[in-house]
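Just passing along the structure, written as structure tokens.
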Amino acid sequence: MVSVSVALIEGWLPFVAILVLIVLFSTFYVRHFISKYDSECSSTMAAIIGLSAALVTSAIVPVDIFLVSYMKDSDGHFRDWANSSSARDHVTNSVLISYYVMYGLLTFLFFLFLPFMYFFFEEKDDIEQPTVMTRCCGAFKYTFVFVLIAAVLLILGVGGEDALSFLISSLSLLGMLAIITYTAYGMSAMPVRLIKGYRNISKDRLAAEQIRSVTTKNIDDIKSKYTGRRSMSSRDQARISELEENRRFLERQDRHLAEEQNSCLRKCLLVFRPFEIFVGVFCLLLTLLIFLSLLLTNIDKAMNSLGYKIGYALPKSTLPNPIDMILVFSQKVYPLDYIIILLIIIYLVFCSISGIRNLGIWFFCVRLYKIRPYRTTPQGMLMMNMILMLIVLAINVILFELTPQYSSFGSEVYVNTTYVPVGNSSSTPPVMSCNVAAPEDLCIMTRLAVLLTKFFYSMWFFGAAYYWFSWVFLAVIPIGFIIVVVRRRRSAIEGLVDHDDFEDSDDDLIHA
């Protein structure tokens, strides 16, 4: 007989394996993108911790769904170990505590640790070389603003558990803005880029050579005007300086293209080009499936929800939801449904990372940081991690709206004891999928659903805002798709060379 402890181990053991993979991925990702010239050990470690914490938080959801589903048999009865309410509470409380621990950790990282590390690096000065204590004092001074904002949000939450929930809901609201900007674009751009592939390197080199020849001719034409005559005007000097800088950039670009063209890795990747196209088509279909499911859920809410004052809560789904239907059908083959829900979460996270990398980090119309291999500033990596934390919180909201039935009850079923046989029929009560209308003692909601619905009913603004933002999210996806389709294919050295790079860094980058 399975005990509560064994059930918890079966639920959390895969989570531990995923945790190890997340730490390894975060370490590789940060080391791959962070600048080796500007970074410090402290900023690199902070970026790894921030990225790992964001990804780990998203990995709790499948565990949450698995544990509530594991309480029931396929015939709708509780398993022996889950017969008592105390055993069920013990399991659900372990998940709830995990959510609060990770949410608390994200709050600490977002409002204190990462801002402090960001400003600590900003205080670095190679000329004056301030002491560590001086840098800490300067960083604390600016970090206090973030702490003050967190304190205000906690006060608005009226203390206790509601205060933390209000704070997390506020961050999730900011995360919805980040999802609209980065995740929606990534869901359009990543599949199309995989399908389109890279431009031909030989053609890129030929085009660069032609532009370089024209640039050299323009420089010679300007210099020829001053041969043996008066000194060059300041305007022409500035023009020559600009042209020579462009020529150096083109030379560096050609050097990188030549290195890429002759690399063994590039030649080996050509063999996997059909697989890349297949992955791109699969991702495109997954984007379409997510788009259609969320669209139908939103239409259903517009027609049948309880209204904005209840956060557009939907008591019962009336329109078909493709992802919900797939997850329910896949329950017949254990553990296919958990693999699918984990795949959706991973896909949304990777689309977010892809969107941040392609768009960079912006503040209104000003680009603050570019995310580029071996060239990203530590401040840029820390800022990216803060954005990812917001996105992960918002992904939980999107997931709940995307799969309202499955993310609330998983594969749970119950015996409908209120069933009344027709006539003299003695048929047994039917086994039905759990829903919000089912008795609370027969269907256990996931802690994710409990946390979200609690605020949909008590603080309607958050539920309403999530709903409105989800419409904007749906509108951005086709816009991003059109933009990516119209644009030409990306260069094989995209992100490796830029005008603001210093030339000495190229040697290490080429051999990295």
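The backbone N, Cα and C atoms fix where each Cβ goes, and this holds for glycine too.
Take a look at what TrEMBL says about it:
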| type | residues | note |
| --- | --- | --- |
| TRANSMEM | 12-34 | transmembrane segment |
| TRANSMEM | 46-71 | transmembrane segment |
| TRANSMEM | 100-121 | transmembrane segment |
| TRANSMEM | 142-160 | transmembrane segment |
| TRANSMEM | 166-185 | transmembrane segment |
| COILED | 233-260 | coiled coil |
| TRANSMEM | 275-296 | transmembrane segment |
| TRANSMEM | 338-369 | transmembrane segment |
| TRANSMEM | 381-400 | transmembrane segment |
| TRANSMEM | 465-486 | transmembrane segment |
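Walk me through the surroundings of each of these features.
Beyond the transmembrane segment (46-71), the same-chain residues lying 6 or more positions past its ends with a Cβ under 8 Å from any Cβ of the stretch are 7-8, 10-12, 14-15, 18-19, 22-23, 25-27, 29-30, 34, 78-79, 82, 88, 91-92, 94-95, 98-99, 102-103, 105-106, 109, 113-114, 117, 331, 335, 338, 341-342, 345, 349, 378, 381-382, 385-386, 388-389, 391-393, 395-396, 399, 406-407, 409-412, 444-448.
Nonlocal intrachain contacts for the transmembrane segment (100-121), taken as residues 6+ away from its ends with a CB within less than 8 angstroms of a stretch CB, comprise 40, 42-43, 46, 49-50, 53-54, 56-57, 60, 135-136, 138-143, 146-147, 149-150, 164, 167-168, 171, 378-379, 382-383, 385-386, 389-390, 392-393.
Note on the coiled coil (233-260): its mean pLDDT in the predicted model is 82.
For the transmembrane segment (381-400), the list of distant contacts is 30, 33-34, 43, 46-47, 50-51, 53-55, 57-58, 61, 103, 106, 109-110, 114, 117-118, 121, 168, 171-172, 174-179, 182-183, 294, 344-345, 348-349, 352-353, 356, 361, 368-369, 371, 407-408, 448-449, 452, 466, 470, 473: same-chain residues at least six beyond its ends, Cβ to Cβ under 8 Å.
If one looks beyond the transmembrane segment (465-486) by at least 6 residues along the same chain, the residues whose Cβ comes under 8 Å of a Cβ in the stretch are 172-173, 176-177, 179-181, 183-185, 187-189, 192-193, 287, 291, 294-295, 298, 301, 308, 311-312, 397-398, 401.
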Return yes if the transmembrane segment (338-369) and the transmembrane segment (142-160) have at least 3 CB pairs under 8 Å (sequence gap of 6 or more), otherwise no.
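No, the transmembrane segment (338-369) and the transmembrane segment (142-160) are not in contact.
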Could you pull out which residues elsewhere in the chain have a CB under 8 Å from any CB of the transmembrane segment (12-34), counting only those six or more residues past its ends?
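Here the qualifying positions are 43-44, 47-48, 51-52, 55-56, 59-60, 63, 94, 353, 357, 371-378, 381.
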